[in-house]
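Undergrad: According to Swiss-Prot, the record shows the following:
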type     : residues                                                    : note
ACT_SITE : ASP325                                                      : active site
BINDING  : HIS81, HIS83, ASP171, ASP325                                : Zn(2+) 1 binding site
BINDING  : HIS83, PHE84, ARG85, ASN115, ASN298, HIS329, PHE343, GLY344 : substrate binding site
BINDING  : ASP171, HIS198, HIS252                                      : Zn(2+) 2 binding site
Amino acid sequence: MYKQSWELLGNGQHADLTVAYINARIIDPESKLDIRGSLLTKGDKIIDFGPDLFANGIPSTIDEVIDCNNNILLPGLIDIHVHFREPGQEHKETINTGSKSAAAGGITTVVCQPNTIPTISSVITAKYIKMRALESAYVNIEFYASITKSDNSLSDMALLKEVGAVGFTDDGMPVMNALTMRQALSYSSMLDTVIAQHAEDLNISNNGCINEGIISYELGLKGIPDISESIIVNRDIALMKNIKNVHYHILHVSSQESLHIIKQAKSQGLKVTCEVTPHHFTLTERDIMTHGSLAKMNPPLRTENDRLSMIEGLKSGIIDCIATDHAPHDINAKELPLDTAAFGIVGLETMLPISLELYHNGTMPLIDLLATLTYKPADIIKVPRGRIKKDYVADLIILDLDHEWVVDISKFASKSKNSPFHNRKVKGKVLRTIVSGKTTYKAEIII
């Protein structure tokens with residue numbers, strides 16, 4: 001059992017307030033730092049840290065002292081793939097409820113996808129997102145803007161970047177037109193920003209609902225072949241080869257074949273990155289039999305070989321980061337037959353404990369796993385976060401690495417509860433989330 005509390009981020013910590021974090025195991029994945037020590041913040045910045053920071057005692061001028069009780073103090077997590085449904089589908093999620101869920105999961109920065117209603121393809125909608133974030137968020141809100149407008153012409157990418165877009169995607173749908181994609185890649189290279197693709201050939205997926213394979217055959221359902229993903233990955237990488245300084249990112253990669261193509265592109269020196277969701281390296285198509293529509297997402301859960309390939313991709317570095325594809329849906333959209341239920345699951349409050357299974361079962365070193373959740377996603381979107389460094393923004397979390405608990409969707413801060421991980425026993429609990437020096441979430445474990 002645990003008691004949770006939240007506080008809105010607003011403008012972050014008061015500029016002159018100093019906070020000392022003591023008795024911490026400080027981990028910074030980028031520098032491979034893993035020490036016992038203390039850390040000092042002032043306002044929204046990290047001032048200093050180290051094993052001997054308060055060797056002569058804590059100065060009386062410190063405004064607040066937080067005892068980490070030998071738990072881990074690490075950079076706040078960064079999730080570059082969330083759907084907060086605002087504007088247009090606020091009955092499923094809002095920036096307020098989604099960011100509240102993120103804070104509970106130790107995520108201090110999220111990137112909202114642009115498939116809202118209307119899409120983030122205009123400056124007006126982009127400014128609305130920024131306004132709502134300032135009014136109602138618990139964490140940092142970034143956003144991708146749309147590659148295309150409703151008429152399939154390119155968005156004004158330069159203008160949208162100017163008002164804050166950290167990249168461009170049509171996520172939820174692929175950019176099917178190869179010429180449009182080539183133009184988008186070309187323009188993005190001039191803007192020094194990332195193009196992120198939902199890799200799916202709609203002609204091949206053909207309105208399928210789960211992975212094409214033994215389970216789809218058993219259930220008599222139309223399947224989505226894995227080649228529907230890899231064929232778009234292959235096409236887009238071919239398109240980018242003659243464009244200088246272009247960065248292409250594949251969202252929620254799910255197939256072994258896609259990883260083979262990505263590995264080859266990286267070996268050729270192309271700037272190709274990709275992400276994987278926790279559900280794609282934890283579950284398979286067989287989980288459909290247990291969880292039904294709660295295990296329906298796009299791309300679909302695939303085979304055990306694909307799942308193991310995702311883990312190998314994380315271990316080898318072919319996969320750059322973990323992202324949730326947090327896709328909230330109300331109960332009416334999910335409690336339907338598999339062929340008509342909505343795609344997607346929520347994931348913000350389970351991302352860290354599910355990912356930590358790879359550490360607890362001996363698959364990945366802790367510091368390598370945490371890299372995929374902190375500075376690596378930060379670098380994809382070019383934001384100066386995800387690190388513990390002097391003068392860096394104080395986005396931090398305190399993690400009880402070994403605390404065991406059971407996922408309970410009724411306790412989720414998200415408006416929606418569509419998760420296949422309900423009742424799963426996990427290990428690793430976020431005790432405090434600090435954004436710009438300000439505590440926005442606390443969990444008090446009640447024994």
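The backbone N, Cα and C atoms fix where each Cβ goes, glycine too.
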Undergrad: Provide the number of Cβ atoms within 10 Å of the Cβ of ASN115 (substrate binding site), excluding the reference atom itself.
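TA: So the number of other Cβ atoms within 10 Å of ASN115 (substrate binding site) is 19.
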Undergrad: Based on Cα distances to HIS83 (Zn(2+) 1 binding site), point out the closest of the binding-site residues HIS198, HIS252, HIS329.
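TA: That would be HIS329, nearest by Cα distance.
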Undergrad: Name the residue among the binding-site residues HIS81, HIS198 whose Cβ has the smallest number of other Cβ atoms within 10 Å.
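TA: It is HIS198 that, of the binding-site residues HIS81, HIS198, has the fewest other Cβ atoms within 10 Å.
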Undergrad: Name the one residue among ASP171, HIS198, HIS252, ASP325 whose Cα is closest in three-dimensional space to that of PHE84 (substrate binding site); these are the recorded positions.
TA: ASP325
Undergrad: Tell me, in order along the sequence, which recorded positions from HIS198, HIS252, ASN298, ASP325 have their CA within 10 Å of HIS81 (Zn(2+) 1 binding site).
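TA: Hits: HIS252, ASP325.
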Undergrad: Find, for the listed recorded positions ASP171, ASP325, the residue with the lowest Cβ contact count at a 10 Å cut-off, counting only other Cβ atoms.
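TA: Minimum Cβ neighbour count within 10 Å, taken over the recorded positions ASP171, ASP325, occurs at ASP171.
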Undergrad: Recorded positions ASP171, HIS198, HIS252, ASP325: which have a Cα within 10 Å of ASN115 (substrate binding site)?
TA: ASP171
Undergrad: Pick from PHE84, ARG85, HIS329, GLY344: which of these binding-site residues has the biggest number of other Cβ atoms within 10 Å of its Cβ?
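TA: Per the Cβ count, the most surrounded site is PHE84.
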Undergrad: May I ask you to report the DSSP-based helix, strand or coil state of HIS81 (Zn(2+) 1 binding site)?
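TA: The residue in question, HIS81 (Zn(2+) 1 binding site), is strand (DSSP, three-state).
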Undergrad: Near HIS198 (Zn(2+) 2 binding site), which recorded positions out of ARG85, ASP171, ASP325, HIS329, PHE343, GLY344 have their CA within 10 Å?
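TA: Candidates kept after distance check: ASP171.
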Undergrad: Just counting, how many other CB atoms are there within 10 A of the CB of HIS252 (Zn(2+) 2 binding site)?
TA: 23
Undergrad: Restricting to the same chain and to sequence separations of six or more, state which residues have a Cβ under 8 Å from that of PHE343 (substrate binding site).
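TA: Listed in sequence order: LYS296, MET297, ASN298, ALA327.
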Undergrad: Out of HIS83, ASN298, give me whichever of these binding-site residues has the highest number of other Cβ atoms within 10 Å.
TA: HIS83
